[in-house]
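**Student:** From TrEMBL, here are the annotated features:
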- 488-510: region 'Disordered' (REGION)
- 21-40: transmembrane segment (TRANSMEM)
- 52-74: transmembrane segment (TRANSMEM)
- 81-99: transmembrane segment (TRANSMEM)
- 105-126: transmembrane segment (TRANSMEM)
- 138-159: transmembrane segment (TRANSMEM)
- 214-235: transmembrane segment (TRANSMEM)
- 300-328: transmembrane segment (TRANSMEM)
- 340-358: transmembrane segment (TRANSMEM)
- 370-389: transmembrane segment (TRANSMEM)
- 395-417: transmembrane segment (TRANSMEM)
- 429-451: transmembrane segment (TRANSMEM)
- 457-480: transmembrane segment (TRANSMEM)
């Protein structure tokens, strides 16, 4: 195998929980990308206007951010984390099943808000648990985790495509005229950004003709094995009350893991069930409590802030580029044909997924800090070349693929790097996930307003500026890394400030 036997053995001991976290992230990807392609059919289903239906985007994105902030609340024990993941993945399946029954846009927005909360919890908890299990070996497993979200994001539009309406799905006297705008509107909604659609007029009353319900029911069935997998992990850890055997230890699983050191024959998943208070990993609100600031150096805060700002920029670039590349391509000076321009968002997400797949073996041989450096420099150079060759349609496609590759591994690499700097006792996971979510939402709105006022060329200028800021913040992170105090080799093992570490058998110790 291309990794060494120590990492391979650790992976085998953690096979079931690792595969479970990966599968839950597939649910996240499945849910994040379906809304754009299906939104016009959902508009017909709810008989709402384009301006009304695009509020569904906001409800999902805002609650995703809120769920990311709240996800750390469930970190205190393994049982809390797994129950939260079970509820979240099950909620996503239920959301897929319920969406066809939503005939009011407000009800649909509420349902998508629930999906956003579930996705936010999944995002924070899955990253957090993999970091807890693998710690210094977590980079490769985080890369695989984020490959699964890309795979899910690619799959859901493919499932929906055969069931999308070719013409306007509300039949009325104006249907013929409105249907001519449909391909342009639909591409403007890919993958999850509403764009500026206020000038399009589609009928709101008439007979609804849409088959999109079948797509959601198929996605509900595809996602159903995920909560089942989480339930099996709960069952294996004897955390399901009604399924516990009579030979259950007198102490709870979490207490037992604190009181006894597991033998080498014990499964690691049973060994990590104690609270990880020493590991940091609080929710965002707990991180902000003053008790966590006592005795902390300024570099402690600087590492959190600069790491979050890098992801604020890079994830923001993912959101704004995927949301506006189609609109940029069809405008002057490129004036790409609508059908051809429609391939650009798919190309972008396809190379993000490919890049995450390639990053799995690469991350084992390359340090996370080096990967992040290559990513941010690659993003900056790509935008510079896109500006230089702004009149070339061919290079627009080449640049889109290149940008997808460079952005693909930024988040997992940054997470692994920042957690390593903080010796796994800060709030890096929660802060970084939150910063990335805010960036994706804020920069989309910012770029949308700038393009509306300044024209399509400002799209690339904004990307260049964001890429430059990401590089600048990363340079500051490298500086603060050098200033951050190194762990003392003679630190008392019983000290509460010492982070939970793992021995060579992959088991947590104090």
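Residue positions begin at 1 at the first shown residue.
Cβ coordinates are placed from backbone N, Cα and C, and glycine is handled just like the others.
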**Student:** Are there residues at least six beyond either end of the transmembrane segment (457-480) with Cβ under 8 Å to its Cβ atoms? List them, or say none.
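**Tutor:** Hits for the transmembrane segment (457-480): 299, 302-303, 306-307, 309-310, 313-314, 316-317, 320-321, 324-325, 327-328, 369, 372-373, 376-377, 379-380, 382-384, 386-387, 390, 418, 443, 446-447, 450-451.
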**Student:** Which listed stretch (214-235, 370-389, 395-417) has the most C-beta pairs under 8 A with the transmembrane segment (300-328)?
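**Tutor:** By the under-8 Å Cβ criterion, the transmembrane segment (300-328) pairs most with 395-417.
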**Student:** Residue list, the transmembrane segment (21-40) vs rest of chain: Cβ under 8 Å, 6 or more residues beyond ends.
**Tutor:** 53-54, 56-57, 60, 85, 88-89, 92-93, 95-96, 112, 115, 118-119, 122-123, 126, 129-130, 144-146, 148-157, 159-161, 164-165, 169, 182, 185-186, 189-194, 212, 215-216, 219, 222-223, 225-226, 229-230, 349
**Student:** Near the transmembrane segment (138-159), which same-chain residues lie under 8 Å Cβ to Cβ, leaving out any that are not at least 6 residues past its ends?
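**Tutor:** Long-range Cβ neighbours of the transmembrane segment (138-159): 3, 7, 11, 18, 21-23, 25-34, 36-37, 126-127, 130-131, 190-191, 215, 218-219, 222, 346, 349-350, 352-353, 356-357, 359-364, 368, 371, 408-409, 411-413, 415-417, 419.
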**Student:** Taking the transmembrane segment (214-235) as the reference, which of 81-99, 340-358, 370-389, 395-417, 429-451 gives the largest number of Cβ pairs under 8 angstroms?
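**Tutor:** That would be 81-99.
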**Student:** Please identify the stretch among 81-99, 370-389, 395-417 with the greatest number of Cβ pairs below 8 Å relative to the transmembrane segment (340-358).
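**Tutor:** Out of the listed stretches, 395-417 contacts the transmembrane segment (340-358) most.
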